[in-house]
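Undergrad: Sending over a structure as structure tokens; questions will come in a sec.
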């Protein structure tokens, strides 16, 4: 009976040793590097196996530090949940100065025309343009002819929102170009402040301040 136990013990040790050698062979093929001691638990068997510490996924094997004592001194890998940061919301671009002028003028659409009026409740043509520009901190000449003469000339094809457009011979009327071929202006006492096509009146010139 005792002899039978010895035989079983010898067989177990041989099987364990074979497992260790097989593990070592796998590691050696995967990554030839510095040798680490591999101990077969419950036996006196230990072998040095090159590269075993770098075997992919080795640290995830339960109880592996009993086989490879050097792994017990290494920090266990930390599992991180995959986190995908949502893209930060893009801030809306700040309105250009020209667009801010248009926006100010547009708030007065429907206001009555008043000769010599500069707002905020009634306007004449150059009174509207002067008032709208003042809302963005810009001071421009008061009369339509002075505005047309003192700004930087702009070609019809290069008009941008906020430019001042003059109409009729002698630039006797002005309005604010609002984009897309339209102008906001205070036309006359029979027409409240409105937005019309540039073709509504004969074009004279355009300027930018």
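Keep in mind that glycine also has a Cβ here, set from the backbone N, Cα and C atoms.
As listed in Swiss-Prot for this protein:
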SIGNAL    1-35  signal peptide
DOMAIN    95-209  domain 'NlpC/P60'
ACT_SITE  125  active site, nucleophile
ACT_SITE  173  active site, proton acceptor
ACT_SITE  185  active site
Undergrad: Which chain-mates of the residue listed as 'active site, nucleophile' that are at least 6 residues away have a CB under 8 A from its CB, listed by sequence?
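TA: Same-chain residues close to the residue listed as 'active site, nucleophile' (Cβ under 8 Å, separated by 6 or more) are 144, 173, 174, 175, 185, 186, 187.
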Undergrad: Reduced to three states, what secondary structure does DSSP give the residue listed as 'active site, nucleophile'?
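TA: Going by the DSSP assignment, the residue listed as 'active site, nucleophile' falls within a helical segment, counted as helix.
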Undergrad: Return the residue, from the listed active-site residues 173, 185, with the maximum count of other C-beta atoms within 10 angstroms of its C-beta.
TA: 185
Undergrad: From the DSSP assignment alone, can you count helix, strand and coil residues within the domain 'NlpC/P60' (95-209)?
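TA: The composition, in the requested order, is 33 helix, 32 strand, 50 coil.
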